[in-house]
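J.: I have a structure here, written as structure tokens, and I will follow up with some questions on it.
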Amino acid sequence: MIKVLEVPLSEDLSEFAEFLWMNEIPHRILERDQQQQLWVAPSIDSEKIAALFQMWKEGADLRKIKVGHAQPKTGISAVGLPQIWLTVSLILLSLGITFLIGMGENFEYFRLFTMTDIVERNGKLVTTSLSYTFTNGEWWRLITPVFIHFSVLHIIFNLLWVWIVGSKIEYFQGRWALAGLVLFSGISSNLAQFYISGPLFGGMSGVVFALLGYAWLWDRRNPSNAIGLPPALLGFMVVWLVLGYSGLLEGMGLGAIANTAHLAGLIAGFVFVPFGEMVARPRRKS
């Protein structure tokens, strides 16, 4: 987010904040260093908001002020898909592979994307070792489980978050930042889940938790260059993790939950923030 102004704690900003909310202008008021700071979303014309604030201070009736041009048509929806092609590619790849494997029903294709191969020996299905994957050069298996989904609800939930959060990271920080985060968190969460449950798992959930964790911590460390996700998302992530480990989600009919992948992904998202700060490109102008 972008800082617009600072005023003393004694100054009442409630009326001006109400005006901003009534005009659907995303903002946040923070108390720091004995001052109140007004921050607005990157897509907002901060200079115009500052001018409106000055008019309000001088006694102008805000109800008569039009702010239709305070939020210019910039951002993801305005620039189109070419600026976020990596996010779109992740979504299309997930849809394509999930369709190809029949949500896990088409075994011959399904085994191509699991962490280790699944073969038939003496009439039984057995999994090969991770070392076998490495020695045979099947390195793609380290990441491909993230593209496997087993139900419509599973894939819709994950890809919705990829679109919401991944597109923001790619648009504002560049595709190298998003690519590095997806690879790091995908491989980390896959390895963690594999060592707990074996290769019969899949889904983008570990990456989703990484995206959310990364965005949350990034915004805490870089408030003037924030991605702009609500801070309450951390609470959502923690609650979802607790519900997953408690078994309540499976009891609700959501199927087996890859809890280890979720936790590993969240941690990977936190860990990647310093690297993201090194590779993220300069902020796009709003």
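Every residue number used here counts from 1 along the chain in the order it is shown.
Any Cβ shown, glycine's included, is placed from N, Cα and C.
Feature annotation from TrEMBL assigns domain 'Rhomboid protease N-terminal' to 2-61. TrEMBL lists 84-103, 139-164, 176-194, 200-217, 229-248, 254-275 with the feature transmembrane segment. Annotated domain 'Peptidase S54 rhomboid' per TrEMBL: 137-273, in sequence order.
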J.: Summarise the model confidence on the domain 'Peptidase S54 rhomboid' (137-273) as a single mean pLDDT, whole number.
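T.: Within the domain 'Peptidase S54 rhomboid' (137-273), the model's average pLDDT equals 88.
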J.: Give me the DSSP three-state residue breakdown of the domain 'Peptidase S54 rhomboid' (137-273), ordered helix, strand, coil.
T.: 109 helix, 0 strand, 28 coil
